[in-house]
Protein chains: 2
Amino acid sequence: MTKEISQAVIKRMPRYYRYLGELLDDNVERISSRDLSKRMNVTASQIRQDLNNFGGFGQQGYGYNVKFLYDVIGRILGLDQTHNIIVVGAGNLGQALANYVKFEKFGFVITALFDVDPNLIGTKVRDIPVYGLDKLDEYCKNNEIDIAALTLPKNKADDVAHHLVDLGIGAIWNFAHVDLDLEEDDVIVENVHLSDSLMRLSYNIMQKKFS
Amino acid sequence: MTKEISQAVIKRMPRYYRYLGELLDDNVERISSRDLSKRMNVTASQIRQDLNNFGGFGQQGYGYNVKFLYDVIGRILGLDQTHNIIVVGAGNLGQALANYVKFEKFGFVITALFDVDPNLIGTKVRDIPVYGLDKLDEYCKNNEIDIAALTLPKNKADDVAHHLVDLGIGAIWNFAHVDLDLEEDDVIVENVHLSDSLMRLSYNIMQKKFS
DNA sequence: TAGATTGTTAATCGATTAACAATC
DNA sequence: TAGATTGTTAATCGATTAACAATC
């Protein structure tokens, strides 16, 4: 990549992908930035600007071919590759992730869960085995793991995260209610802070109530 | 409120709250915007600008009192109030939310789950009852519900969302992999699109790999 | 060819950072 | 009082929107 693309643009790409997927399901063959903008509630200008960060995928007078653009964005997002994921923390949230078949459609395959709870170790979640946390090193050495999802209490998250980095894991999907201290490390972190999300919702409720 | 506060600022408030909570746990009494900025990896200027949207909570030459600021932000985010939540869709994700005790610390109380699955109806998740979806109307009329969390398949999400709005629900916490079509309705929507998050992670993995 | 719609440049808008006088 | 640090104004930066020539 010659120029860095802003995170603001990246954030919007999955949404484009989602809408194009819906259009595809509805057998829509082509769409203009104007029509798409009306559906998505953004400006047509923004759509064209965003896409042109990656290349000129449209055609004057025609618009964009839905199937083509869907595939292109999928490739941009790396969904044409398989990503192996382990889930560390096999509580409800970890199990929920393991059960979410939808991810596989996008190339994300959960291969194992890890936990310290003896009641969970040895069980399976939709054919995915739950191992003891002490098996983590061995497993990571013998398998190509791309992403580790952290679904464990915040006091354990940081230690496990550092350990995973030492084991060579390159990306962490963090559900723990803490910002991992991994700035110095060469690892990609994507946070899902559910509490933060809920607090924003709460803020907006307050605003509505007192306005 | 006289002036609207930008969503960029709102987005950062829960993070401030989180860091102040940690400082509080560490018995730190006061902190300057400069010291906080170093911990949080943002500029001191931004912290002061953000906070001054809501008022002047600091003191020249002293900084900010941690406990005071923590409480203020909590109140700004509405965490001093109790918010009753119902979870519609009692699958893994719905159960994970119901099991997440942490939310209660911030005033969010899940009072009931709803599902169509006869195997789930009548069971309990941590003392929280699971009702049939046909009991939703009655329940909403007899109880003050502030938020409905939607943890169900996307094809059902839109219908249920509209139904909830008709029942008077003012806020929706949407986990379904779809943007709810509720623009015309007077309802607050907060989306948690896990797939989008995973795709952003995937994009960043690609970038690292080919750079 | 005429109409539609892109890709891209220029203009605007908003958000972030820097600077500093006010003041504890 | 002297030093520290805020609150706030001004400067900069980046992102969004508008406009339009290029072209299918």
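Every residue gets a Cβ built from N, Cα and C, even glycine.
The annotation DNA-binding region is assigned in TrEMBL to B:15-54. Helix first, then strand, then coil: DSSP counts for the DNA-binding region (B:15-54) stand at 28 helix, 2 strand, 10 coil.
Residues or ranges marked as domain 'CoA-binding' by TrEMBL: B:78-179.
Under the heading NAD(+) binding site, TrEMBL lists B:Gly89, B:Ala90, B:Gly91, B:Asn92, B:Leu93, B:Gly94. In sequence order, B:Ala98, B:Leu113, B:Phe114, B:Asp115, B:Asp117, B:Leu120, B:Val125, B:Val130, B:Thr151 constitute the residues six or more apart from B:Ala90 (NAD(+) binding site) in its chain with CB-CB distances below 8 Å.
With an 8 Å limit on C-beta distances, the binding-site residues from B:Gly89, B:Ala90, B:Asn92 that reach chain A are B:Asn92.
Just so you know, of the binding-site residues B:Gly89, B:Gly91, B:Gly94, the Cβ with the fewest other Cβ atoms around it within 10 Å is the one at B:Gly91.
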